[in-house]
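Structure record follows, encoded as structure tokens.
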Amino acid sequence: MREDLGGQSAVCPWTTQVGEDLLDMDLHAITAHSALHAKPSGLVLQYGTAGFRTKAEHLDHVMYRMGLLAVLRSKQTKSTIGVMVTASHNPEEDNGVKLVDPLGEMLAPSWEEHATSLANAEEQDLPGVLMDIIVKAAVDLQQDAFVVIGRDTRLSSEKLSQSVIDGVTVLEGQFHDYGLVTTPQLHYMVYCRNTSGQYGEATVEGYYQKLSKAFMELTKQPFCSEEEYRSLKVDCANGIGALKLKEMEHYISQGLSVQLFNDGTKGKLNHLCGADFVKSHQKPPQGIEMKSNERCCSFDGDADRIVYYYLDVDGHFHLIDGDKIATLISRFLKELLLEIGESLNIGVVQTAYANGSSTRYLEEVMKVPVYCTKTGVKHLHHKAQEFDIGVYFEANGHGTVLFSKAAETKIRQLAKELEDEKRKAAAKTLENILDLFNQTAGDAISDMLVIEAILTLKDLTIQQWDALYTDLPNRQLKVKVADRQVISTTDAERQVVTPPGLQEAISDLVKKHKLSRAFVRPSGTEDIVRVYAEADSQENADSLARAVSLAVFELAGGVGEAPPGF
Ligand code: 16G
Ligand code: MG
């Protein structure tokens, strides 16, 4: 955590007076500037799973207000806070914003509520809501504030990030604008700054150096197959990942040759490409040239997700999603620990979307404990912090590995002190893997390098990786209902609580198929209900998903046409 920047003592007799004076002055400036970022009257938005997200033209006031909020959060935590302007995998016309907390994690839940009330305050209520947050969160206004800002490549992002800066400066916060960075890079910067550079240097250059050093050390080891030329095709979703991977290319070129597609020079952001498109359509992105058995991967628009895939000799498409990434990584880590002879505990965290085969493989074959949390990175991240080594991935390709402080110290010590050559080498590998992961958030670039290093070290082809287990056929559908909040769930979203009768209906439908599972949940990012089903064949998964969609439509207030297929 950053050192106290020297706020005044709370016991000074005239502190309250000084505070009020300051407040008066600020409130005046805040209101005057707010008028330049006026809120469209009546617009209500919510700080959701990934911050605020909507059409870019509706976000100017939100950006200004998140600048204000970031200053308050920085004062309260006495730490640097991040603000990232991005709408990730969503269409080019959308945008969004999220705050990054001191250790590079997602914003604390109580501050998500503050964010929502601040964003929704009508102009005249803004000072009152701001005051309310200051009082509720016990913000010391005398404290200095520092905010770092980043943005993706959307056309709207530059102007919107200027509005964030406006909010920061009106509250007299200091800031550093990193400009164009991936979301995980901004998370990394925040963590570096709040740990006095111990995690790494808080620059884009520092990020490249840290990751490439670990990657090059891993792939230079004498037992790595040298003949095989390591080459990878990367679909960058026409987003920020392309710019950053281009910048990084020469740092890693000795170990990996990347060929970039959808690099933003012509195509549209996230349009028919990117990790989200590939995962949800289960097909290759447009704009990539694939030959059979070539290793390919896709980033999403802000480069915090990654999925791999290839075409087999018959031209069939094979997707390797977050579940299989988690499996490859956990298997590798478990083998390393065995070689080192160290019993650090590993836990894998998934969501209900994890393919049943992956959970079975992890639990029954690999014998690692698997936990299920609600959808959304913050939930997985939180759970993963309970282990020495916590591996978390959503099926959509967002994930990373967290090492506890104690585990990190142990690993570094073993890498230095072990005398047995083989064990020492394994400990050194684990230390480099630890440095290669971005432990603040899922990171497509960092995950890609970890995966490439593991494949090299284990001399594994993408087909061999894919063959670890066979995914159960599955289907996801969306259902439009009048109010998606009528659906509430429990058991990490695997069981419906309300409306009455829906869970019974789903359970009855599931019983009709083999190896089947289905659940429904209101989306946190779209005004729809999501349906997931898996079963022993694609036909059965499809028919189960359709039947469950119909049950949702009938029991949870479906609107428009009944789900297709009936
Ligand atoms: C957001 C989440 C992602 C989650 C997705 C679910 C973060 C950074 N991102 O994109 O983890 O999988 O929402 O969307 O938390 P849904 O609620 O619409 O299904
Ligand atoms: Mg993303």
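Positions of Cβ are set from backbone N, Cα and C atoms, glycine also.
Remember, TrEMBL labels are computer predictions, not curated facts.
Taken from TrEMBL, the feature domain 'Alpha-D-phosphohexomutase alpha/beta/alpha' applies to 75-124 (among others). If you average pLDDT over the domain 'Alpha-D-phosphohexomutase alpha/beta/alpha' (75-124) in this model, you get 97.
Here TrEMBL flags SER88, ASP300, ASP302, ASP304 as Mg(2+) binding site. With a cut-off of 8 Å between CB atoms and residues at least 6 apart in sequence, the same chain places SER88, HIS89, ALA237, GLY239, GLY241, ASN270, GLY274, ALA275, ASP276, ILE306, GLY397, ALA444 near ASP300 (Mg(2+) binding site), listed in sequence order.
Secondary structure at SER88 (Mg(2+) binding site), as computed by DSSP, is coil. Every protein chain shown contributes to the tally, and the Cβ of SER88 (Mg(2+) binding site) ends up with 28 other Cβ atoms within 10 Å. For SER88, the entry in TrEMBL reads active site, phosphoserine intermediate.
Across the domain 'Alpha-D-phosphohexomutase alpha/beta/alpha' (142-191), DSSP helix (H, G, I), strand (E, B) and coil residues number 23 helix, 13 strand, 14 coil. Under the heading domain 'Alpha-D-phosphohexomutase alpha/beta/alpha', TrEMBL lists 142-191 (among others).
According to TrEMBL, the feature domain 'Phosphoacetylglucosamine mutase AMG1' maps to 202-307 (among others).
Look at TrEMBL and you will find 321-459 (among others) tagged as domain 'Phosphoacetylglucosamine mutase AMG1'.
For GLU394, ALA395, ASN396, ARG521, PRO522, SER523, GLY524, THR525, ARG530, the entry in TrEMBL reads substrate binding site. Within 10 Å of the C-beta atom of ARG530 (substrate binding site) sit 23 other C-beta atoms, taking all shown protein chains into account. Secondary structure at ARG530 (substrate binding site), as computed by DSSP, is strand.
The annotation coiled coil is assigned in TrEMBL to 404-431.
Per TrEMBL, the feature domain 'Alpha-D-phosphohexomutase C-terminal' maps to 496-548. With helix defined as DSSP H, G or I and strand as E or B, the domain 'Alpha-D-phosphohexomutase C-terminal' (496-548) counts 20 helix, 15 strand, 18 coil.
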Review point. Same-chain Cβ contacts of the coiled coil (404-431) under 8 Å, 6 or more residues past its ends?
Key: 217-218, 221, 333, 336-337, 339-342, 344, 385, 387-390, 457
**Study point:** Candidate ranges 75-124, 142-191, 321-459 - greatest C-beta contact count to the domain 'Phosphoacetylglucosamine mutase AMG1' (202-307) (under 8 angstroms)
**Key:** 321-459
Practice item. List the binding-site residues ASP300, ASP302, PRO522 whose Cβ sits under 6 Å from any atom of ligand 1, in sequence order. Key: none
Practice item. Provide the number of Cβ atoms within 10 Å of the Cβ of ASN396 (substrate binding site), excluding the reference atom itself. Key: 23
Point to revise | Which same-chain residues, if any, lie at least 6 apart from ASP302 (Mg(2+) binding site) yet have Cβ under 8 Å of it | key: MET84, THR86, SER88, HIS89, ASP152, THR182, THR183, GLY239, ILE240, GLY241
Study note, to complete from the structure: Restricting the binding-site residues GLU394, ASN396, PRO522, GLY524, ARG530 to those with Cβ under 6 angstroms from ligand 2 leaves none
Practice item. Report the same-chain neighbours of GLY524 (substrate binding site): residues 6+ apart in sequence with Cβ closer than 8 Å to its Cβ, ordered by sequence. Key: GLY48, THR49, ALA50, THR375, GLY376
